[in-house]
């Protein structure tokens with residue numbers, strides 16, 4: 001059982017990776033990007049294409065794909081989200097949902113229905129494991145994934161608190177108009193934030209491809225996982241996302257123990273329970289489900 | 001703008017009175033249409049009625065209630081699932097379609113207590129989670145046999161011709177009744193509350209509009225209507241595979257229809273369903289490119305024409321066929337176009353300040 005718990009915690013690292021971009025973007029721009037999961041799958045396909053066609057190792061491929069994702073994030077914010085956010089809070093939901101449909105089906109058009117994986121291109125890493133005391137085997141990839149999540153979340157936190165750019169992004173997220181008054185270019189800050197979020201999405205997509213298989217329509221479940229982990233993690237710092245991811249993964253692991261189809265049910269159920277508890281205790285409505293990660297650092 | 005003459009507040013216009021007659025004629029024609037149509041055409045028309053229901057219900061929720069949900073397929077799937085369950089329990093299959101929708105409506109009440117406290121994007125994806133979870137739970141039912149699915153076998157006691165006609169009339173009647181219900185709701189005192197919430201929720205609450213109660217009404221109505229649509233779809237296709245019914249593509253269709261037709265306008269949802277129906281008829285065979293086209297069109301509309309086709313027509317020409325709001329017309333200038341550039345528009349209506 002303790003073996004499963006450890007596996008669950010490590011899997012939580014993946015959920016934290018995919019969730020942090022979503023909650024980061026929400027906290028800065030108040031937009032939930034419904035194409036989030038599809039973009040992660042897009043990144044996974046890009047790495048797969050590089051690896052299978054040009055024999056580029058996925059780790060090296062990240063050097064190409066992550067900058068590409070940053071450019072996509074920038075472009076997305078400048079040409080799509082910025083414009084649709086002007087039409088109110090509801091329009092970006094529709095825009096990004098439409099975008100998700102376009103991405104999913106383009107991937108299907110290009111790569112077909114076959115499931116793919118990056119596992120064959122990372123050598124023995126996909127199945128290597130370390131033995132821990134108590135005959136517990138932990139996959140090296142899972143540990144790397146978890147460590148990446150910790151480093152990424154910590155790095156983002158440091159970036160937001162200790163750099164000029166990070167502070168201007170936080171200022172924009174608090175109040176774009178006032179930030180503009182003191183000389184922060186809100187449009188620029190938002191576009192950079194979107195670029196950063198997409199880099200994290202690219203990383204998440206890479207790990208998705210390495211640890212499991214994916215297909216063109218795998219984006220929707222990833223979006224739900226990201227959303228659930230972000231909401232469970234809830235208010236406060238980016239570290240909440242990590243806790244949210246771990247809770248989600250543990251619930252899924254537990255669900256899988258109870259019933260063969262319980263993996264996903266467990267995850268959704270714990271999300272709803274957390275939501276229910278949060279709603280009945282706060283009484284404030286839901287403005288604060290996905291809160292500013294920067295608040296605690298100010 | 002002369003202040004000496006008092007403005008006229010009107011609801012119906014000459015066009016809207018003609019439109020009302022036209023609607024009655026169209027419904028009557030549709031009711032007798034199966035006598036003249038081929039079997040295939042009857043099936044397509046049934047699909048069109050179901051699309052109109054879906055569009056109108058999603059529009060009621062998003063366009064009027066300000067609640068964008070990407071999980072409405074949960075009610076579509078549940079409508080079909082409960083119909084299967086009720087028919088299995090021995091209820092007449094046609095009756096079970098409607099009892100099922102009532103059950104869906106009842107189920108949506110406790111759900112609304114919970115979900116309506118979420119806002120915007122959180123509500124949108126929250127509903128998607130509900131749909132995903134419901135799909136998994138329905139799969140656990142032995143009767144459904146997981147993704148293999150089952151079918152509404154008891155419908156087979158009727159011969160194909162009777163079945164086709166009955167489903168056609170049931171779909172037409174359901175569509176008409178649901179649209180009439182929505183129309184009545186929007187024209188009544190609740191309608192003013194609904195539009196106030198659509199335009200500005202906080203301001204509406206501040207003048208005493210019961211925001212949550214009104215939203216709940218729309219949420220339950222939408223659940224009920226989409227439940228009927230799901231049950232009717234089951235009746236036309238007989239087979240029930242959870243993956244098909246709980247597919248997010250249903251919500252994608254609803255969003256497409258409403259965005260293209262005109263979000264927050266009563267006529268827009270119907271127009272959108274017609275447009276979608278035609279596109280599907282012409283391009284549905286194009287497979288994946290058809291879906292890419294739908295998604296891209298939705299993105300383009302949301303960016304460049306957020307009011308949709310009907311919203312734009314309405315704004316440009318002041319045309320209103322099925323008026324649910326009131327308009328203020330200043331006397332002495334009754335025929336001025338809606339936007340004559342210099343003066344504030346004399347035809348500006350009460351329901352036109354929304355932000356899509």
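Cβ atoms are placed via backbone N, Cα and C, with glycine included.
Annotations in TrEMBL come from automatic prediction, not curation.
Per TrEMBL, the feature transmembrane segment maps to B:18-37 (among others). With a cut-off of 8 Å between Cβ atoms, the residues of this chain six or more beyond the transmembrane segment (B:18-37) that come close are 12, 45, 164-165, 168-169, 172, 176, 321-322.
Annotation source TrEMBL lists transmembrane segment at B:49-82 (among others). Outside the transmembrane segment (B:49-82), and at least 6 residues removed from its termini, the chain residues within Cβ reach (under 8 Å) are 96, 99-101, 103-104, 107-108, 116, 120, 123-132, 134-135, 138, 141, 144, 168, 171-172, 174-175, 178-179, 182, 186, 194-195, 197-198, 201, 214-215, 218-219, 221-234, 236, 240, 242, 245-251, 253-255, 257-258, 261, 263-266, 268-270, 272-274, 276-277.
The transmembrane segment annotation in TrEMBL covers B:94-116 (among others).
Within the chain, the transmembrane segment (B:123-140) has long-range Cβ neighbours (under 8 A, six or more residues past its boundaries) at 67-74, 77-78, 81, 111, 115-116, 146-147, 242-243, 246, 248. TrEMBL lists B:123-140 (among others) with the feature transmembrane segment.
Taken from TrEMBL, the feature transmembrane segment covers B:167-186 (among others).
Annotation comment: TrEMBL describes B:217-240 (among others) as transmembrane segment.
As annotated by TrEMBL, transmembrane segment applies to B:252-279 (among others).
According to TrEMBL, the feature transmembrane segment maps to B:286-305 (among others).
For B:334-356, the entry in TrEMBL reads region 'Disordered'.
The feature compositional bias 'Polar residues' is assigned by TrEMBL to B:345-356.
Away from its own ends, the transmembrane segment (B:94-116) comes close to residues 67, 75, 78-83, 85-87, 123, 126-127, 130, 166, 170, 212, 215-216, 219-221, 223-228, 230-232, 234-235 of its chain (Cβ-Cβ under 8 Å, at least six residues beyond either end).
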